[in-house]
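Novice: Grabbed the feature section from TrEMBL, which reads as follows:
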| type | residues | note |
| --- | --- | --- |
| TRANSMEM | 12-35 | transmembrane segment |
| DOMAIN | 12-486 | domain 'Major facilitator superfamily (MFS) profile' |
| TRANSMEM | 55-77 | transmembrane segment |
| TRANSMEM | 89-109 | transmembrane segment |
| TRANSMEM | 115-134 | transmembrane segment |
| TRANSMEM | 185-202 | transmembrane segment |
| TRANSMEM | 208-229 | transmembrane segment |
| TRANSMEM | 290-313 | transmembrane segment |
| TRANSMEM | 319-341 | transmembrane segment |
| TRANSMEM | 353-375 | transmembrane segment |
| TRANSMEM | 387-412 | transmembrane segment |
| TRANSMEM | 424-446 | transmembrane segment |
| TRANSMEM | 458-478 | transmembrane segment |
Amino acid sequence: MAGYSRPAVARIFGVPALGGLLFGWDIGATSYVLTQLQSAEYSGVSWSGAVAGSSFLQGLITSGGVAGALIGAAIVFRVADAIGRRRELILAALLYVAGAVLEVASGFGTTEATGLALLLLGRVVYGAGCGFAMRVPGVRRSRLHAIAETSRRHRSYTHRHGAPAYIAEMSPASIRGTLVSLKEAAIVLGICLGYGVGYAYSEKDGGWRWAYGWTLPASLLLLVGAQSLPPSARWLALRGKAVEAVASLAFVYPNDVDARDAAAQELAVASESRSNAPPPRLGDRRYRRALTAGIGVVLLQQFTGQPSVLYYAGAIFDAAGVGAVASVAVGVFKLVATLGAVATVDKHGRRKLLFVGISLMVVALLGLAVAFHGFEGEGSGFTPRKVGIIGLIFLYIAAYQISFGPIAWLLISELFPLEVRGQAVALAVQANFASNMVVALLFPVARDALKHVVGDAWAMSVLFAAFAAIALYALEFVRARVPETKGLSLEEIERYFASGERLAGIESPLIPSAGDELVV
């Protein structure tokens, strides 16, 4: 749809995308914070020994943010439709600010008990901001097909929240899919910045406070920016506030009345589709196969080791003796791989990308298991084994980014009918955060426990071998449970789950084009 204001669209994307960037920043920064907090020389606190001596405490610090995100996602699921997307962003910003203040305050002249309590509370509060800010996009569909389906069903149950939902609901249709997909790039850019700032302060006394502290100005910018945005036009329309919705659209289309009217007509169709009937339950028998496939992929996305590689990149590279700067390179490489995935995910089948990506993950994880066996750092400088470890981690990241990274959430959007898609997305978000928290919490505990059971020479090898075994199971799970959905309408996907027929290879005339919009 022509006639939109580029500066307005830049604000519609840029301000909410800060929520994703702050989410990624926490992942990258925590990798360095965890390492520095264990250093008596650089931690700047009296309780570094407590952190260094407790793998469980290390896991709590790492997973505290994910625990907060899980809590935030559960809360926002209940209140999202009542408060609207813009207020969600404001609340997310407030939680980010409060969390950053608590994290930084924990490092200034506090006792062990007070410092750890403030740090863990800050991790949870900051994580809750992530839960409010983040959500996954919907499914690409053609505009006419989406409106026809919505009118035919006479109901629209949407439990969507945060930055991606606001971007999707306010962006012009012609660029909506691209902007929402770029939210992943904003997250990865945040990871890069977190790694970079963490590395810059890694050898400064109390530098970890800066790694967390620099999120404060970005959080304040998100707070100010969110307050300057108009409420979501679609959210207003779904509540019968037509005049306010048109005024909100004027922000995007200030000089094009025709484009504004066309967008308003689309919102009117969505508004008329509302129903007071209670939504169907996701637990109904007819949705069980879709639920198994969708939630299974989301869980396997985490249990194949992704959180451990991101959160503990610094520790892994320290164990490899190659220095923390390698973590920064990982973040940059992940950003490049993410941008490549965004450009290609709609050109290949979902199953094909999953098979290729997961197979490469198995190769990388098995290679890491072999490379870490009997490895004791080998002194300073690069050796063939160190180069191999770095290369295998990069291979793992690239494989993840072409498979689980973009496709897990795309499948969640595609596998479920419109009337339960919101419930499925909410469950998937909570399953994602919960499994992420489990892996982040248990990785250091399992590593140290294995050192006592199998010895230092085998501990990391056993961990990576376990992740490889889970990835092998993921291949079989995808083969048996996950259908090929590329180019298929939601009706065809529903028929598959109702009848048990194979979808792989079925052709559909409803293949979305690059200009198709994202249904929200």
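Glycine is no exception: its Cβ is also placed from the backbone N, Cα and C atoms.
No curator has checked TrEMBL annotations; they are predicted automatically.
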Novice: Are the transmembrane segment (387-412) and the transmembrane segment (290-313) close, by which I mean at least 3 Cβ pairs under 8 Å that are 6+ residues apart in sequence?
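Specialist: In contact, yes.
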Novice: Considering only Cβ pairs within less than 8 angstroms, which of the stretches 12-35, 115-134, 185-202, 458-478 has the most against the transmembrane segment (208-229)?
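Specialist: Top-ranked stretch among 12-35, 115-134, 185-202, 458-478: 12-35.
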Novice: Counting Cβ pairs under 8 Å to the transmembrane segment (290-313), which of 12-35, 55-77, 89-109, 185-202, 458-478 comes out on top?
Specialist: 458-478
Novice: Which sequence-distant residues neighbour the transmembrane segment (89-109)? Criterion: at least 6 residues beyond either end, Cβ under 8 Å.
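Specialist: For the transmembrane segment (89-109), the nonlocal Cβ contacts are 15-16, 19, 22, 44-45, 68, 72, 83, 115-119, 121-130, 132-133, 162-163, 166, 206, 208-209, 212-213, 215-216, 218-220, 222-223, 226-227, 229.
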Novice: Could you give the residue numbers and ranges of same-chain residues that sit at least 6 residues beyond the transmembrane segment (458-478) on either side and whose C-beta is under 8 angstroms from one of its C-beta atoms?
Specialist: 296-297, 300, 303-305, 308, 316, 319, 351, 354-355, 358-359, 361-362, 365-366, 368-370, 372-373, 375, 443, 446-448, 450-451
Novice: What parts of the chain pack near the transmembrane segment (12-35), using Cβ distances under 8 Å and only residues at least 6 beyond its ends?
Specialist: 51, 58, 61-62, 65, 69, 89, 92-93, 96, 126-127, 129-130, 133-134, 162-164, 166-167, 170-171, 179, 182-184, 186-199, 201-202, 208, 211-212, 214-215, 218-219, 221-222, 225-226, 228-229, 252, 310-315, 318, 324, 327, 331
Novice: If you average pLDDT over the domain 'Major facilitator superfamily (MFS) profile' (12-486), what do you get?
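Specialist: Averaged over the domain 'Major facilitator superfamily (MFS) profile' (12-486), per-residue pLDDT gives 80.
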